[in-house]
Amino acid sequence: MARKSKIPEPTPDPEPASSGSDSEQEYDSEAEGSESNDGSSSEQDSVADSFDDGEDFESQGSSDDDEDVLKRQGDESDDDSFDGEGGVQILDTEVLDAPRQWKRDVLGSKKADETGDGEKVDPEKVKAVAAYMHTDDLSSDDEDPEGINNRIGRIPLHWYDDYEHIGYDAHGSKVIKSAQGNMLDQILQNEDDADGKKYTVYDALNAKNVQLTERQIQLIRRLQSGAFAHPEHDANPDYIDYYSGIPEISGINSNRYEKKSRFQPSAFEKLQVRRLLHRLKCGSINMDFLEGKVRDMNDYKKCQEDSDKPFLLWKGDEEDELALRKGPQHIAPPKQPPPGHALSYRPPEEYLPSREELEEWEKLDPEDRPYGNFVPKQFDNLRSVGAYEHAVKERFERCLDLYLCPRVMKRRLNIDPESLVPRLPRASDLRPFPTTKCIEYKDGEVGAVRCLSVSPEGQFIVSGGEDGIVRLWEVQTGRLVRKWNLGDVLTNVVEKEDEKSEEDNETLKPKKPITSIEWNPNRSHHCIIAGVGKCAVIIATGTGGIDDAEVTDALLSDAMSVKGGGNIAAESRAAKAVKWISLKKYNKQDASNSSPISAFGGSAGPIALLQTNRDVASVRWHRKGDYFVTVSPKAGAAAVLIHQLSKAASQQPFGKTKGEVQLACFHPMKPFLFVASKEHVKVYHLVKQVMVKRLLSGCRHISSLDVHCSGDHLVVGSLDRRLVWFDLDLASTPYKTLKYHERALRSVGFHPRYPLMASAADDGSIHVFHSMVYSDLMRNPLIVPVKVLKGHAVTNSLGALTMVFHPTQPWLFSAGADGKIHLFQDL
């Protein structure tokens with residue numbers, strides 16, 4: 001808050017204020033504070049008079065009283081009327097009748113006691129004048145003569161919230177906080193107070209209440225209404241033409257402002273400077289010419305030419321001068337070939353033509369002759385050589401060719417082909433990835449191994465081969481833990497089921513290879529599903545802990561005790577396509593393979609069997625471990641079946657299909673189902689039951705597919721050696737198509753944790769790729785081949801049939817037609 005100063009009391013205006021409707025426009029404070037505490041009239045009376053006769057805040061021009069003041073000022077021509085310090089002129093003017101707006105020339109000087117000619121001035125008059133011009137205290141807020149204000153500066157006040165004081169004054173004493181109470185109650189109390197406390201504001205810096213004066217209230221209200229703060233301010237003063245003592249030649253255009261171009265650099269001078277710099281750069285002038293030492297450059301050049309100084313005849317920059325000159329681009333004429341031996345004055349004998357050759361030479365056209373119009377001749381010396389008779393003609397024809405034949409300057413780009421190929425990072429910088437074969441899993445002559453699957457924790461691996469046996473291996477030791485002969489399971493089921501027809505017996509009796517096997521991705525569910533023949537067999541591994549064994553038994557309870565073909569509605573389409581059969585009796589007979597591996601017990605061995613109409617080619621789990629999908633390519637509309645293990649129920653999602661379905665898998669996060677035919681991949685929304693997208697692979701026969709853990713990328717392998725990468729957010733066409741293998745691809749897949757991708761083919765090799773998928777949608781995936789793994793022999797035109805990554809380590813398992821299973825680690 002500003003320091004309060006003592007305001008001089010203005011002399012009241014003798015003329016009464018105007019009445020009527022104009023008086024209603026005055027401030028409300030005029031009625032409340034018309035009289036001050038000492039009994040004198042308020043300062044607002046002079047302001048209220050300034051708005052009489054309908055004047056508003058914006059009408060702040062000069063009045064007629066200004067002319068009288070200017071006339072009296074013009075009569076004052078003596079220099080003695082000014083004080084000794086060269087200050088303000090003292091005016092002997094009656095100021096009792098204060099004007100509505102105070103004029104600049106009615107101003108008291110510092111020495112208001114006497115004028116220049118010794119006349120005394122009434123101090124009361126000067127005081128009345130100062131009441132209008134020096135009413136406001138315009139001193140700085142920092143001035144505190146008593147030293148009682150707060151001196152903390154611009155320190156935040158909330159620093160003193162925990163203290164009883166709010167700062168220190170100039171004497172070092174604490175500025176104690178004042179009890180404020182409820183600010184809302186205080187404002188309401190001030191509004192009802194008749195003593196003028198409603199104009200009391202709280203000074204937070206000095207912790208005290210400050211009473212606003214009527215003058216300050218008036219200034220605030222004028223600012224709110226958009227007028228000048230001071231009523232004495234004259235926004236439009238009359239122009240006073242002071243005489244400077246210099247006679248004017250003409251008054252025309254004497255009050256015009258200077259042009260803007262007078263304050264800016266001259267454009268013409270700028271152009272002249274640019275021309276001179278250009279001539280100086282080209283050499284047509286020199287510094288002597290600019291400095292005035294040489295008046296004409298022609299004379300200077302003549303003086304230079306007359307000198308006998310040596311000069312270069314061929315400088316070597318003639319071509320550069322022609323290229324820099326104005327006009328069309330100079331193109332140098334093609335160089336003529338250098339003269340050969342035939343053009344010598346004494347050529348060898350073999351170059352001299354015989355008489356028969358001369359006769360043939362004359363019959364030829366000039367352009368078909370070997371040397372044109374020239375005939376090689378032999379001379380004894382060079383002085384005997386005469387002038388060439390066709391020299392002028394040949395020179396003219398050459399000039400004519402240069403003049404008439406169009407020529408174009410061609411710029412050859414010297415581009416390094418390696419610079420066009422993108423730079424890929426080194427394989428050593430992209431580690432870890434599998435590099436070395438470490439463990440080989442063997443169990444005699446097992447035939448070709450078609451499928452592999454790893455447990456979610458990475459401790460066990462299962463394999464399915466041509467002999468129809470599922471083998472369970474321990475990853476670290478390579479030990480064969482369990483094996484289940486699914487061929488015997490199908491045979492026992494056929495023998496026990498009397499209602500089976502002979503046709504069904506013939507289809508189930510033969511041992512068929514295991515085409516697909518998949519471990520449950522849920523860590524709490526220790527079971528696998530294997531596709532063999534027309535059936536999909538559910539096997540409990542018996543590897544669960546104390547809690548997982550109970551969860552697995554609860555999951556398999558309905559499948560173990562299923563009756564009547566499963567929980568499938570009789571009127572549904574799936575009732576004709578699939579049937580659930582319990583294998584509980586088989587486990588009792590085969591006690592050797594039904595014992596659990598874990599010490600905590602639980603179920604082990606084949607639990608249930610799903611019988612379909614056609615051979616099962618592929619089985620895939622959902623990520624939660626309850627649903628799984630089976631694919632039978634020859635089953636037509638029932639090719640794709642979705643099953644729920646916990647309820648032993650099945651459903652057929654499609655009523656009809658176009659083409660043979662080869663593979664199917666679930667989206668890792670969304671309710672999408674990917675269904676692959678021989679040439680296309682269709683994406684279906686399982687909740688909305690609509691097709692979302694159709695991916696055009698460009699392949700002839702799709703053999704495998706896998707979805708990235710992010711769910712935005714899909715990789716497809718085909719029998720025509722193509723590895724196709726799809727970006728599901730980008731387009732329906734492939735993002736990348738790779739062809740590194742020499743034979744058909746059998747298996748492709750992503751690593752669930754590391755940025756790795758691999759493909760296995762019939763050439764016996766496995767290609768490992770670094771496949772980084774960025775979270776930034778503006779960056780494309782980085783695909784870099786890093787390693788080629790070899791270890792499988794080609795048997796019956798088949799090589800590596802399947803591969804699968806370890807779930808937690810950068811390891812890779814592979815199996816092939818040679819019956820071997822390998823583990824590759826990152827050594």
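From the backbone N, Cα and C atoms, a Cβ is placed for every residue, glycine too.
Region 'Disordered' is the annotation TrEMBL gives to one range among 139-159, 244-264, 328-348, and that range is 328-348.
Model confidence over the repeat 'WD' (442-483) is summarised by a mean pLDDT of 92. With a cut-off of 8 Å between Cβ atoms, the residues of this chain six or more beyond the repeat 'WD' (442-483) that come close are 511-523, 526, 528, 530, 532, 539, 541-543, 593, 597, 604, 795, 798, 801-809, 813-821, 823.
Mapped onto DSSP helix, strand and coil, the region 'Disordered' (328-348) counts 3 helix, 0 strand, 18 coil.
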